[in-house]
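For reference, TrEMBL has these:
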DOMAIN    A:159-217  domain 'Protein translocase subunit SecDF P1'
DOMAIN    A:244-349  domain 'SecDF P1 head subdomain'
DOMAIN    A:350-522  domain 'Protein export membrane protein SecD/SecF C-terminal'
TRANSMEM  A:368-388  transmembrane segment
TRANSMEM  A:395-415  transmembrane segment
TRANSMEM  A:421-441  transmembrane segment
TRANSMEM  A:470-489  transmembrane segment
TRANSMEM  A:495-518  transmembrane segment
Amino acid sequence: MLNFSRWAIFAIILPLAIGVLCAIPSFLPDATVAHLPRFMQTRVNLGLDLSGGSHLLLEASTQDVAKQRLTNMEEQVRTELRRGDPKIAIGDISARDGKLSFMVRDPAQVDAAVERIRPLTQGAGLTGQRDFNVEVVNSSTIVITPTEAGIKNAVKSAMEVSTEVIRRRIDEMGTREPTIQQQGDNRIVVQVPGLQDPKALKALLGQTAKLEFKLVDTTANPSEVAQGRAPVGSEVLPYVNNPSGVPFIAVKRQVMVSGEDLTDATQGYDQSNQAIVNIRFNSSGGRKFGQVTSQNVNRPFAIILDGKVLSAPNINEPILGGSAQVSGSFTVESANQLAIALRSGKLPVNFVVVEERTVGPGLGADSIRAGLIASVVAVVAVAVFMFVSYGRFGMYANLAVAINVLVILGVMGILGATLTLPGIAGFVLTIGTAVDANVLIYERIREERRRGRNVVAAIEHGYKEASRTIFEANVTHAIAGGIMLALGSGPVKGFAIVLLIGIATSVFTAVTFTRMVVANWVRRTRPTDIHI
Amino acid sequence: MKLLKLVPDNTNIGFVAIRKWAFALTALLTVLAVGATAHKGLNLGVDFVGGLMIEAKFPQAVDTDKVRSTIGRLGVGESSLQQFGDANTVQIRLPLPEQGGAGAANAVVEKTRKAMTAQFPGVTFSRYDTVSGKVSGELIQNGVLAVVLAILGIAVFSWFRYEWQFGVSTFVAIVHDVLMTLGFFAITQLEFDLNIIAAVLTIVGYSINDKMVIDDRIRENMRKYRKMDMKALIDLSVNETLPRTVMTSVTILLALGALLLLGGHVLRGFTAAMMLGIIVGTYSSVYVSSSLLISLGLTPQTSEKKATRKGDYAGTAERVGPRDDGAKP
């Protein structure tokens, strides 16, 4: 055991040296690290509980997605059969129990109607399934049922789009280094370090920001509108700021221009210094808007956000340039927020905040300080204890622990792992357990010496016998750590990461590294007795 | 320099002789712990019951009754207050509003903040958590699942690695450690949150470390001293590993002690749980799991007898059989 070849020494020192080097940037100020070469910029990220900030868990309603798809389908069917050429006359479309059904007036046209509807459905999944099933029942009724695979697909794509939209909206706010990740089927985790007041963030995320322009139905009977009834082809929408006092207004169902044609939105002011949102359309949106406004001069149109009417100004003249103003008793802040929401596209689903954790920067700083002090005290206490118990060998163990702490930080930096408050606890525990391996070895050596083995044989035996035990004990410990990592969330995960890395590195430093150091010392001094 | 030895050389303590007493004491404590948990219940944090937790930091020591009445006037539900060691920091827990969706929890925080700032100038909310009932349900489920899986995983590992008796005794000892921890939290009414689950899992991991070391030595001695009486053999093994057991427990308690005193209030419950767990885990390794091996009928000849006694523990014998590692004569 005394002979470590040059290569073996190299193979032990090199990874440790790399680990220690990678830990150094974590202790340097930001400005210094920025000057280092890229591969040296490996730093341990601080969790929100240490840096301060907000953690939000958002959940999308999958029912919402299903319902919306059905509504879209209803619109498509209506447009295709009633407006398409040739027209096929159908009865009212009913959307009950999550499916659409309607009668075709002329039974002879049922097949033709099905032919026209089929292409509206799309493939879903790999088995050639469609996202909707179209069936004929009772010879003249067509039933359209959404399939499981179709809904699943729709939720998946809605989540992908949402993640992007949320990322863009948060980037617009100018906060640094946010983390936005999908979790499970219908959740998104948003973590923004340094953000103390997540109110504005939540307001932004709560908006689906679906913008539409529709003509106001001036023929509607005001008393019927107040009761929620609208003429055919129109619908009643809430209009809180209606000057007439009724909080409802009837608008045509047909959309003049929608948010998809939007290219830009900024906050601005109108002549009376009221906050407004300036919007600009793309060429086809601008053309449509120009056309409709030319034909409807002196009639009002409604600006609708998420199904609510913001304002219903009169069209004084055709708006041809492709840009318009949205007014609706905004404050500067709310106008700015709407502009951001519009710019970053609409969220395809509604999200609710199901979990929120916010830590002020003061507490985070306190925790870091307390954690550091505790770690230093723990290291010193353990080191002194090891020294008075094992003398020279205790110092070797201490050296191994010191290297181990740095290597864990280095590995965390390389992996981009996050250090959390429980992570610090994991550190302290690692310091305590890391010496366990050395304790096992040294106690074994003491035993072997008592049995009368010579120095070299005792050391050799001590390492050999203890290594097996250390390995077994660490495998079981790693099982617990692995389960924490797999099932845990938040603090449990943060703790597990440090623990697992610590288990792996401590076996290496406590067994392999100290063995090399001890062997080197024994070979140099050839002691006939050891003080252990 | 004379080196410190906490445990003298060649101890010969009769651990096994008092195992009946130890079992009785263990059983009594376990019943107490389970009883306390069932009777008093755990003080579950918002992680597990859902709701709103606000940590308010006051510029000077504050009267909790005054805080309580300030919040009581807001009509945001029954508040529960807890003071941390330094008297300047108060943890306020509130139920999550049932209606109002995403913004409602925020509105409660704002309302509370406003009222508190008016009443106690200079107060800051150093952190707040809101967890919906749905998420908290999942967190409980995952937490319990993690602990159960960890215990099973470890028990199965030691069963495959050694004889089945080791698996059983380890399993019993770990369950004992976990129940004791739960009892501790039920009696002290310290807040039981996600952090504590991490602590419990760590205890499981540490406690198993301890048992593995002793089990490993028992097995080694079983091969070495084939004719030795099992009671003497276990006493020998526990005594041989005793210096290590004590040394390691002390180093970890030193480290955890530093964390408990200096690590800040957020981690206090977490550290307390781990310290208790280390003590309980060490006790159970020495007195519970090793002695249990005798009651389970482990003998140095177990490997040889296995073939004839197969029927006694149907099915398990075949799995244990191939791992004799050349122990046969």
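Backbone N, Cα and C atoms are what each Cβ position is placed from, and that goes for glycine too.
Curation does not apply to TrEMBL; its annotations are automatic.
Below 8 angstroms of C-beta separation, residues 16, 18-23, 25-26, 42-44, 379, 382-383, 386-387, 427, 430-431, 434-435, 438-439, 442, 497-498, 501-502, 505-506, 509-510, 513-514, 517-518 of the same chain, each at least six residues beyond the ends of the transmembrane segment (A:395-415), sit close to that stretch.
Mean model confidence of the domain 'SecDF P1 head subdomain' (A:244-349) amounts to 82 (pLDDT, 0 to 100 scale). The helix, strand and coil residue counts that DSSP assigns across the domain 'Protein translocase subunit SecDF P1' (A:159-217) are 23 helix, 18 strand, 18 coil.
For the domain 'SecDF P1 head subdomain' (A:244-349), residue counts in helix, strand and coil come to 28 helix, 45 strand, 33 coil, using DSSP.
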